[in-house]
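Enquirer: Below is a structure I'd like to ask you about.
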């Protein structure tokens, strides 16, 4: 019988496949796939960042403007979208690819009320929304089929090659 164990530790997902009743730990975990979040994922984290100290500054990526911006506060937590300096934020976020399927839904502006589809990374499904007709982002598909085809197999994780002795 095979068992699957999953662990998430500091943005790295460990998935171990093993056998029940094996005599040694080496036999119990015969295969291990390790995944880590793509480097740009922290830039898109929507969770609210809170800072313990209001002294000094930190930087975070503004998904609406597409730029890193300085914010008040240090010793921040709560979300992954915070960096010690503007330089570190720029290095991580400004040139990072942002696949359409990774973007949050953007309803746009206007009164067109166009039915469209977007990929919801939380549920890994294509969902319908009403598009205003102006601006928005590339996570905006004309049909559910186009959304599913574009985002098929999309993941915020990448496989890391590891050799286990």
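The backbone N, Cα and C atoms fix where each Cβ goes, and this holds for glycine too.
Quick paste of what Swiss-Prot says about this protein:
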DISULFID  43-93  disulfide bond
DISULFID  51-76  disulfide bond
DISULFID  68-89  disulfide bond
DISULFID  101-151  disulfide bond
DISULFID  126-147  disulfide bond
DOMAIN    43-93  domain 'BPTI/Kunitz inhibitor 1'
DOMAIN    101-151  domain 'BPTI/Kunitz inhibitor 2'
CARBOHYD  90  N-linked glycosylation site
CARBOHYD  123  N-linked glycosylation site
CARBOHYD  161  N-linked glycosylation site
SIGNAL    1-26  signal peptide
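Help me see these features in their spatial surroundings.
Expert: In this structure, residue 93 (disulfide bond) is part of a helix by DSSP. Within 10 Å of the C-beta atom of residue 93 (disulfide bond) sit 24 other C-beta atoms, taking all shown protein chains into account.
Packing around residue 51 (disulfide bond) is summarised by its Cβ count: 18 other Cβ atoms lie within 10 angstroms of its Cβ, all protein chains included.
Taking a C-beta cut-off of under 8 angstroms and a sequence separation of 6 or more, residue 89 (disulfide bond) has the following same-chain neighbours: 43, 59, 60, 61, 68, 83.
Residue 101 (disulfide bond) falls within a helical segment according to DSSP. In this view, residue 101 (disulfide bond) is surrounded by 22 other Cβ atoms within 10 Å of its Cβ, with every protein chain counted.
DSSP assigns residue 147 (disulfide bond) to a helical segment in the three-state reduction. Cβ neighbours of residue 147 (disulfide bond) (same chain, under 8 Å, six or more residues apart in sequence): 117, 118, 119, 126, 141.
The Cβ of residue 90 (N-linked glycosylation site) lies under 8 Å from the Cβ of 59, 68, each of which sits 6+ residues away along the same chain.
The C-beta environment of residue 123 (N-linked glycosylation site), restricted to residues of the same chain at least 6 apart in sequence and closer than 8 Å, is empty. Mapped onto three states, the DSSP output places residue 123 (N-linked glycosylation site) in coil.
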Enquirer: Report the nearest neighbour of residue 101 (disulfide bond) in space among the disulfide-bonded residues 51, 76, 93, comparing Cα positions.
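Expert: Smallest Cα separation from residue 101 (disulfide bond) among 51, 76, 93: 93.
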Enquirer: Can you check which residues sit near residue 76 (disulfide bond), meaning Cβ under 8 Å from its Cβ, same chain, 6 or more apart in sequence, and list them in order?
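Expert: In sequence order, the residues whose Cβ lies under 8 Å from that of residue 76 (disulfide bond) (at least 6 apart) are 49, 50, 51, 52, 58, 82.
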Enquirer: Suppose we draw a 10 Å sphere around the Cβ of residue 126 (disulfide bond). How many other Cβ atoms does it contain, all chains included?
Expert: 22
Enquirer: Between residue 93 (disulfide bond) and residue 151 (disulfide bond), what C-alpha distance do you get in Å?
Expert: 21
